[in-house]
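The Mg(2+) 2 binding site annotation in Swiss-Prot covers Asp85, and the record cites similarity to another entry as its basis. Sequence annotations record features per position, and here Swiss-Prot assigns motif 'DDXXD motif' to 81-85 based on a curator's inference. Taken from Swiss-Prot, the feature site 'Plays a critical role in the stabilization of intermediate cation' covers Phe78. Residues or ranges marked as site 'Plays a critical role for substrate recognition' by Swiss-Prot: Asp82, Glu156.
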Amino acid sequence: MDQDYRARLVYPFSGAISPHADIVDQATLAWAAMFGLLTDSLRHKSRRLQYGLLAARAYPRADREMLQIAADWIAWLFFMDDQCDETGIGRDLQRMIALHERFLAILDGATPEAHDCALTYALADLRRRLALRAPDNWLRRFSEHVRLYFTANRWETVNRQRGATPNVATYCAARLFSGAVYACFDLIELAEQIELPFYARHHSIVQQLEQAANNIICWCNDVLSYPKEMQHGDRHNLVLVIQGEHQCSLPEAIDRALDLHAREVATFVRKRTCVPYFDAAVNTALEKYVTGLQFWICANRDWSLTATRYAPTHKSQEMVMAVAQQ
């Protein structure tokens, strides 16, 4: 199957990259090593994945210190995902719940204890650094978004235990939270040095923009990563749930997913012109925030197209070819 479908992942706005990209990427690996997050199997892979470069594209206007926090947070998410896979926690609901509850306690200000894992100590360091730059209400919102991310992880685990594949509507509703995108959007305010008032952040148009941006990011990711999910027998992917629900071929499922993605891009562009006027200061902040959403959309695509994390292996390519020919 050719890769021409990737050319349909287009946006009517451009991304950017921080001048601190390379040094932040190197520092993130050093941070991960310091906290013992780099297992032997992850050490070589992490050098190639360049999580710091994803942060540098997602928050290109952040100062050096804030960009480092963002890069370390993004790396922490990936390391947690990888270590849950390696240790089997990703398929053990009770162990997952216990781990998540401990992480949430850390985000609420708890101190790591001797029995805690390396991820817990690393998260405590992130929380400490965030607390130096963010107000309490921001920390509470961030923690809530992480909690919703964990809840979506548990939902996926239950599905795997039952051998269940969700329908498209249910999957899309959960996908809004399973990628931790809202928690990453929270960092836009810190990166742009803005603070949106409650009434602006919770305005329906702003929330619709956030949801559209979230969908665009997650669905783009799904289109690019479906070979990896196929290889691992994981049906939590937009392409694969479309294929299952509609009993269609893999190329048709990809085409349908790309159509959904394109419609969501159109929704984002349309809603962007509908942002209401509050006052000069608030709308200046909103303009920076919406631009931050656009940076994240482009960052996700550009990094995913070059990162080895979603590059299909020889085995997954063979599986895709076999399914496509059925």
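The backbone N, Cα and C atoms fix where each Cβ goes, glycine too.
Recorded features from Swiss-Prot, shown on the structure.
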| residue | record | Cβ within 10 Å |
| --- | --- | --- |
| Phe78 | site 'Plays a critical role in the stabilization of intermediate cation' | 18 |
| Asp82 | site 'Plays a critical role for substrate recognition' | 19 |
| Asp85 | Mg(2+) 2 binding site | 12 |
| Glu156 | site 'Plays a critical role for substrate recognition' | 20 |
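Mean predicted confidence for the motif 'DDXXD motif' (81-85): the pLDDT average there is 86. Taking the C-alpha positions, the distance from Asp85 (Mg(2+) 2 binding site) to Phe78 (site 'Plays a critical role in the stabilization of intermediate cation') comes to 11 Å. Each residue of the motif 'DDXXD motif' (81-85) gets a DSSP state, and the totals for helix, strand and coil are 5 helix, 0 strand, 0 coil.
In the three-state DSSP assignment, the secondary structure recorded for Glu156 (site 'Plays a critical role for substrate recognition') is helix. If you take the Cα of Glu156 (site 'Plays a critical role for substrate recognition') and the Cα of Asp82 (site 'Plays a critical role for substrate recognition'), they are about 15 angstrom apart, rounded to a whole number.
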